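Quick look at what TrEMBL lists:
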DOMAIN    B:6-114  domain 'HIT'
BINDING   B:13, B:32, B:88, B:94, B:95, B:96, B:97, B:103  substrate binding site
MOTIF     B:99-103  motif 'Histidine triad motif'
ACT_SITE  B:101  active site, tele-AMP-histidine intermediate
SITE      B:119  site 'Important for induction of apoptosis'
């Protein structure tokens with residue numbers, strides 16, 4: 001119909017079909033209203049759910065295999081050296097749109113270097129104070145207890161709850 | 001054998017089995033040597049590959065359905081309100097261990113608020129300068145061309161390459 005603009009729901013927002021550059025069976029790829037750097041795009045689940053835990057296994061698989069393909073494209077197209085892929089899963093993690101979305105961000109050496117502090121904190125692999133083996137084993141054993149079911153094997157070091 | 005410590009390869013590092021708290025068919029969950037906040041754990045592919053693009057679809061699915069389960073556990077256990085889940089995919093994105101790994105980080109309101117600048121930049125959803133619909137449609141059409149194949153439908157607005 002003339003004058004009708006096709007839109008899809010992205011949380012509380014309506015996104016025009018013209019922003020969609022990728023469709024799979026369960027996901028969309030969207031260009032971003034406010035890109036952090038050129039090529040910063042979003043991958044969303046077609047079903048509107050707020051949290052990553054709300055997705056079914058097929059939705060998780062489709063979302064991330066889509067992000068994998070999209071990441072390859074934006075890295076190549078925007079001449080990046082790397083990618084940051086992130087989900088802000090809940091308001092306290094910075095999520096403002098209540099609809100699962102992956103940020104796929106092409107990265108280049110030094111792109112955030114103007115502000116060294118920021119760069120350091122974005123570096124989740126950066127050296128910080130190292131813990132002891134014992135501390136780590138203790139935490140691993142503690143967490144392993146949550147996974148004592150038919151689907152996974154707990155580690156040798158873990159004790160049953 | 002007495003004295004033999006079971007380890008797994010995490011990039012260039014050997015990780016003791018005692019650090020593993022989760023095993024699925026293709027992935028491991030590891031506690032972290034240098035957690036950014038309590039409960040900051042890693043999910044790695046069992047196969048040692050550097051980049052996310054190197055994973056097969058079954059590996060991508062297993063890795064992220066594992067991260068989904070692990071995220072629920074660490075959010076609950078560490079009394080978080082949210083999760084940050086991120087891959088630093090390549091050195092320019094801050095990756096220092098050449099082996100695909102997801103950071104799963106329980107988040108709480110205000111946890112990074114001491115440094116407001118950092119918090120703003122970590123907020124990938126934060127308001128920045130908004131682009132026009134035309135700019136966005138143009139970029140979407142451009143990116144859609146990369147996906148013109150049997151598996152996905154390009155958007156109406158996209159033209160063929």
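Even glycines carry a Cβ here, placed using N, Cα and C.
Shown here: features listed in TrEMBL, placed on the structure.
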{"residue": "B:13", "record": "substrate binding site", "DSSP (3 states)": "strand"}
{"residue": "B:32", "record": "substrate binding site", "DSSP (3 states)": "coil"}
{"residue": "B:88", "record": "substrate binding site", "DSSP (3 states)": "strand"}
{"residue": "B:94", "record": "substrate binding site", "DSSP (3 states)": "coil"}
{"residue": "B:101", "record": "active site, tele-AMP-histidine intermediate", "DSSP (3 states)": "strand"}
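You'll find the Cα of residue B:32 (substrate binding site) roughly 11 Å from the Cα of the residue listed as 'active site, tele-AMP-histidine intermediate'. Cβ atoms under 8 Å from those of the motif 'Histidine triad motif' (B:99-103) belong to residues 9-11, 36, 40-45, 48-52, 54-55, 63-64, 67, 84-89 of the same chain, restricted to positions at least 6 beyond its ends. Residue environment of residue B:103 (substrate binding site) contains 22 other Cβ atoms, counted within 10 Å of its Cβ in all protein chains. Looking only at the motif 'Histidine triad motif' (B:99-103), the predicted model's pLDDT averages out at 96. Other Cβ atoms within 10 Å of the Cβ of residue B:96 (substrate binding site) number 13 in total over all chains. Over all protein chains present, the Cβ of residue B:95 (substrate binding site) has 25 other Cβ atoms lying within 10 Å. Between the listed recorded positions, namely B:13, B:32, B:94, B:101, the fewest other CB atoms within 10 angstroms of a CB are found at B:13. Around residue B:88 (substrate binding site), the C-beta neighbours below 8 angstroms that are at least 6 residues distant in the chain are B:94, B:95, B:103. Cα to Cα, the residue listed as 'active site, tele-AMP-histidine intermediate' and residue B:13 (substrate binding site) are separated by 13 Å. For residue B:97 (substrate binding site), the Cβ neighbour count at a 10 Å cut-off comes to 16, with all displayed protein chains included.
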